[in-house]
Amino acid sequence: MGALRTERESVIALFLVHMFPIGHLPVAMGKPARQLPLPDGGSGPLAHPEAGVLDDLDALSHVSSGFRRSPTTPAAAAPPALTRGHDPWGGESPEGWRERFAGETGYVWPPDDGGIGPATPVMLDVGTHLDRFGDQHGRMLAEDATLFSMRSLPPDRVAAYRRYRVVRPLPVWRSVAAEWFGQPGGGVRFRTVLGADELVTLGFLADVTGEVR
């Protein structure tokens, strides 16, 4: 009886984490914090033709069959090989770089999610390794061991490195990083339908940040 109750509580806990990732219901506000433009068309994450494999019922069934995730792994320092030749300011002065790429409320990001041309929907095979610079909640990952300069990211992103392995077939949008933030780009990126940490919780990714290559 106790085991069944524990199992049920675990499934309910996962459901709540999936529905309320900030830990509580959003606080009501009288006006929007930020107005976003309307999307141009059907290339949003949920428009992926295979997005249905991430269905909540399938994920909860996966958990009820015995899957348990470990706590989120702390970010690691960037491997030196990935920052080889990286010039944080892209040949400009820090002031000149900020004038081009930093606004009043944050970075000035490139259009089209920073990709060259439209993203392509693909499925990543089990065993594929991916990595990412940034926190665990983001949706943009890259081919494993892509140079930092080829990802066209702001210089402060180099402080937090994470690595993942695909453990269930994963729908993503594939694109190539455009030149931006003073970096050449050219690296292959994958935009996921859900955030990286959520995909770990649902059993589609394994966080292997601490594992030796």
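Including glycine, each Cβ sits where the backbone N, Cα and C put it.
If you look at the compositional bias 'Low complexity' (71-81), the same-chain residues 6 or more away from its ends with a CB under 8 A from one of its CBs are 133, 135-136, 145, 148, 158-163, 197, 200, 207, 209-210. Positions annotated as compositional bias 'Low complexity' by TrEMBL: 71-81.
Here TrEMBL flags 84-97 as compositional bias 'Basic and acidic residues'. Sorting each residue of the compositional bias 'Basic and acidic residues' (84-97) by its DSSP state yields 4 helix, 0 strand, 10 coil.
Secondary structure counts, DSSP: the domain 'TNT' (124-208) has 15 helix, 34 strand, 36 coil. The domain 'TNT' annotation in TrEMBL covers 124-208.
The region 'Disordered' annotation in TrEMBL covers 64-97.
In the compositional bias 'Low complexity' (71-81), the DSSP tally of helix, strand and coil residues is 2 helix, 1 strand, 8 coil. For the domain 'TNT' (124-208), the mean pLDDT of the prediction comes to 96.
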